[in-house]
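The next block holds one structure in the form of structure tokens; read it before the comments.
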Amino acid sequence: MSSLSRPLRSVLYIPGSKPRALDKARGLPVDAIIFDLEDAVTVEEKRAARDTLAEALAQGGYGARMKIIRINGLDTEWGAQDAEAAAGMGADAILLPKVGAPGDLDALAALTGDMPLWAMMETPAGMLNAAAIAAHPKLQGMVMGTNDLAKELQVRARPDRLPMMTGLGLCVLAAKAHGIAIVDGVYNAFKDEEGLAAECEQGRDMGFDGKTLIHPAQIDVANTAFSPSDAEVDLARRQIAAFDEVMATGQGVAVVDGRIVENLHVATARETLAKVEAINALKTE
Ligand SMILES: CC(C)(COP(=O)(O)OP(=O)(O)OC[C@H]1O[C@@H](n2cnc3c(N)ncnc32)[C@H](O)[C@@H]1OP(=O)(O)O)[C@@H](O)C(=O)NCCC(=O)NCCSC(=O)C[C@H](O)C(=O)O
Ligand SMILES: [Mg+2]
């Protein structure tokens, strides 16, 4: 399944250094896991985390969840060895932090061969170069790094994320223009369900495929927010049925709930139903 066709509602970071969390993740209802060797791992644990992670992945048990390994930057003492090791761990993709330009991905690809790549979008240069980064032939997905971005931009945290909007919007545009996946940044207050739900809804409305998470308590909120609601599914079915009906009479526009339905709306409706099917398929795998 390509990154675009698989559900990415909930994407959980797991520190590669924590065997208990690595084990727990085997039973968590997440769509994807980011096995982290970067910020969630202390300097002292960096090398050992690589081995701990390799063991956990060799043992398996992560089912249909997408497996992404976040390595350290290639400008660090661990990056190159992380990249070479990660390429052999059976993951679905390798995620490079702080991507500023397509050349950063070329450097990674030279170490990881045919592995699909993902990019952390979390620097001002990354925002300005988002379109060129998204166009990289090996790139299959982007992850917003809103903590690093806030630090670099020296902005204040606000519930409406206004200071982030330009960057978030540029990255969504870039990902959509190049047909790759894009996942929103983390919500740090992991015990604040209401705040998380509001931020998930904002991300969903902006076109993100899902949310990156830091704690299991955040999974249900993200899965709900990024799944089509019952009302959306019902509307999609009625739009398709109404459009089929008018088409049979030689017309190209139907009306449902007082709004026009044309072939582009039917395409969106079909995507909604396909998403539900993909989510259900994940549950049964
Ligand atoms: C935030 C935490 C440090 C909290 O940990 P802890 O105090 O252990 O939480 P709990 O006691 O509530 O944990 C309950 C059980 O859940 C397991 N657990 C906790 N977190 C995870 C997880 N992420 N994945 C899997 N399992 C998890 C615990 O092991 C407990 O299990 P059990 O003992 O069996 O009951 C901790 O949640 C944590 O470390 N989270 C990850 C932090 C992280 O990954 N940070 C880096 C990513 S964020 C980032 O870098 C984004 C980006 O780059 C940017 O710039 O924005
Ligand atoms: Mg970061």
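These residue numbers are counts, starting from 1, taken along the chain as shown.
A Cβ is built for glycine as well, from the same backbone N, Cα and C atoms used for every other residue.
Confidence over the domain 'HpcH/HpaI aldolase/citrate lyase' (9-216), given as mean pLDDT on the 0 to 100 scale, stands at 98. According to TrEMBL, the domain 'HpcH/HpaI aldolase/citrate lyase' annotation covers 9-216.
All chains included, 24 other C-beta atoms sit within 10 angstroms of the C-beta of Glu122 (substrate binding site). What TrEMBL records for Arg70, Glu122 is substrate binding site.
What TrEMBL records for Glu122, Asp148 is Mg(2+) binding site. According to DSSP, Glu122 (substrate binding site) sits in a coil region rather than a helix or strand.
Note: Arg70 (substrate binding site) has non-local neighbours Tyr13, Ile34, Phe35, Asp36, Leu37, Glu38, Ile94, Leu95, Leu96, Pro97, Met120, i.e. same-chain residues 6+ apart with C-beta under 8 A of its own C-beta.
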